[in-house]
């Protein structure tokens, strides 16, 4: 429906031995620039240069992505309606609330319109601040009203520049995380270069600007950087308190801006649980992080008017269960290896049972069903029985929720990122297993993590955290392609850290009997510099070509539809259709919708299934009754859905509806034996024949190559 065309006329571990070795390497490194220059002066100079490079690389990435967006759509030249249509699917829905706040006569009226909204879902009044994560749109609209920029900057540019500005923060946070782990800003530079050269797999901000993850992931990256610093040993009390504040603020903002925050932070909580159980993190710091997660999420819950999906989240149940289980098993970290292993298994069982118990109790009390479609999807995805559930199959058939394609690794290998990542991962996993085995075997040294000097292999707490983090998020990305952006960006950090880490090179050189402090220093600088030179040589020309390639947004059919709706329908008219299209109708015309793409509500999912019967085998009378029950005035049919070829048989929307309705699917191929022939032809095909049973209920009022709009008759 939307296409792009060429423009016309325009061509640690806390192991004392390893830590001492690292200190020795750093001292040697500090002597390299000049024998007369003090170590402190060199550190200040290095910090100044590294910080400047971090800011520059972040800003350049932001400008690069913004330029790609402009060149791809010719955004500055197209009409306002075309700009809005370019915010596809749910992106358009979120941006519409920013537009709504700006169009409100006063801020208070704008807030009232969001809290008592009756245009997003017809015949219902909903609190959008409770249902959706749109505080960022509210905040931006207030800023735009207050700042004296209206004469110089259009609202849409203020919005998109903010998102591209967050990308600068994102890249800077990745840079800092890698720097903190390795001890050199060269590592951060390599991480940023890898992020940009692997742009296809690390971000999609240039074509899905208002998507919630583009708001949230920069704050997630800041949180990871702050946690990495917080887990360092021997922090000063003031530094520790300030870092905890940074972790709390970033956790809160991450939770506030993305509805899937609880699932990402649950993965993070699992990281903390694994490392705490293996004595690889200080227990006190882990407790602080559990508490921050719970507090941040509950604060968001308050701001979202006690959103039940947050209260019933697995994260809160899990964190509380871990803290309770700790109190019940106070002697968890004592005893022999087998004894401790048994206690750990019991601890895991207790935490799992408590989590499920607390979560089920909360969901029953709140009668929570908002997230049940996610668990149905996960159950079907991982082979726990086939399902005919429409919502679960809708996710299963989307490529974004499928397995990570193999060609992703081919692209990551072209930049050497994947090879470097596997190299670093293997070495750190070996180190982590050795430390974990040592911790479980030697219980006499577990009361204080500073007494681990007898272990010959070490892994600092912050490195251990990032290791388990990248492994768990790697599994998430492999199972669900849409989540790869959480993994690939951290992959850049982890691989660059390993190549610049003195501990990694020390362990490797010791294994091959070539250990020497000077060799460590040479390897940790020469390897990343060579990779940076390779990346510049191979990808710089392509990036320049990409920046010079000019395209133009082109979707005349949708533009024609939106203009017709604005000119020929009442302002209070109610429209039914596909979720993706209706988000654009809401943004471009302000008309009332029957359904929309924000799928985290059970009643909305039921409503969407009912509206989608326009693509099922139903009679005109049945479809008319369903649509009028939602107050529908007009229904929009799309040929791209009715005659869909994008998905294979069994995954087309009409097939999902047929299966859910117990009807046999169209076309050659097998059907389940219990599916029956439908008693009526497919509605979206038959209505175009203008036969009497259909013309009695529906009148065609608009048609082009893509869309057919019908007005519903109010008479029986």
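Every residue, even glycine, has its Cβ placed from backbone N, Cα and C.
According to TrEMBL, the feature transmembrane segment maps to 44-66 (among others).
What TrEMBL records for 168-195 (among others) is transmembrane segment.
Residues or ranges marked as transmembrane segment in TrEMBL: 215-232 (among others). Counting same-chain residues at least six beyond the ends of the transmembrane segment (215-232), those with a Cβ under 8 angstroms from any Cβ of the stretch are 12, 136, 163, 166-167, 169-170, 173-174, 176-177, 180-181, 240, 243-244, 246-247, 250-251, 253-254, 257-258, 261, 264, 281-282, 285, 289, 460-462, 465-466, 469, 485-486, 489-490, 493.
Among the features that TrEMBL reports, transmembrane segment is placed at 244-274 (among others).
According to TrEMBL, the feature transmembrane segment maps to 294-323 (among others).
Through the fold, the transmembrane segment (344-362) approaches residues 273, 277, 311-312, 314, 317-318, 320-322, 324-325, 328-329, 332, 368, 440 of its own chain, all at least 6 residues removed from its boundaries and within a Cβ separation under 8 Å. The transmembrane segment annotation in TrEMBL covers 344-362 (among others).
Annotated transmembrane segment per TrEMBL: 418-441 (among others), in sequence order. Long-range neighbours of the transmembrane segment (418-441) within the same chain, counting only residues 6 or more positions beyond its ends whose Cβ lies under 8 Å from a Cβ of the stretch, are 13, 15, 278-280, 336-337, 340-341, 344, 409, 412, 452, 454-459, 463-464, 467-468, 470-471, 491, 494-499, 501, 503-504, 507-508, 531.
Among the features that TrEMBL reports, transmembrane segment is placed at 462-481 (among others). Outside the transmembrane segment (462-481) by six or more residues, the chain places 12-13, 177, 180-181, 224, 227-229, 231-232, 267-268, 270-272, 274-275, 280-281, 381-382, 399-405, 408, 425, 428-429, 432, 435, 487-488, 490-491, 493-494, 497, 501, 503 with a CB less than 8 A from a CB of the stretch.
The transmembrane segment feature in TrEMBL is assigned to 487-509 (among others).
Residues or ranges marked as transmembrane segment by TrEMBL: 521-540 (among others). For the transmembrane segment (521-540), the list of distant contacts is 25, 28-29, 32, 182, 184, 186-187, 189-190, 193-194, 197, 414-416, 420, 496, 499-502, 505, 509: same-chain residues at least six beyond its ends, Cβ to Cβ under 8 Å.
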Positions whose Cβ lies under 8 angstroms from the transmembrane segment (294-323), at least six residues beyond its ends: 127, 129-131, 133, 135, 248, 251-252, 254-256, 259, 261-263, 265-266, 269-270, 273, 287, 350-352, 354-356, 358-359, 362-363, 366, 368, 370-371, 600
Within-chain partners of the transmembrane segment (487-509) [C-beta distance under 8 Å, separation at least 6 from its ends]: 12, 18, 21-22, 25-26, 170, 174, 177-178, 181-184, 186-188, 190-192, 194-195, 198, 201-203, 217, 221, 224, 412, 417-418, 420-421, 423-425, 427-428, 430-431, 457-460, 463, 466-467, 469-470, 473-474, 476-477, 515-516, 519-521, 523-525, 527-528, 531
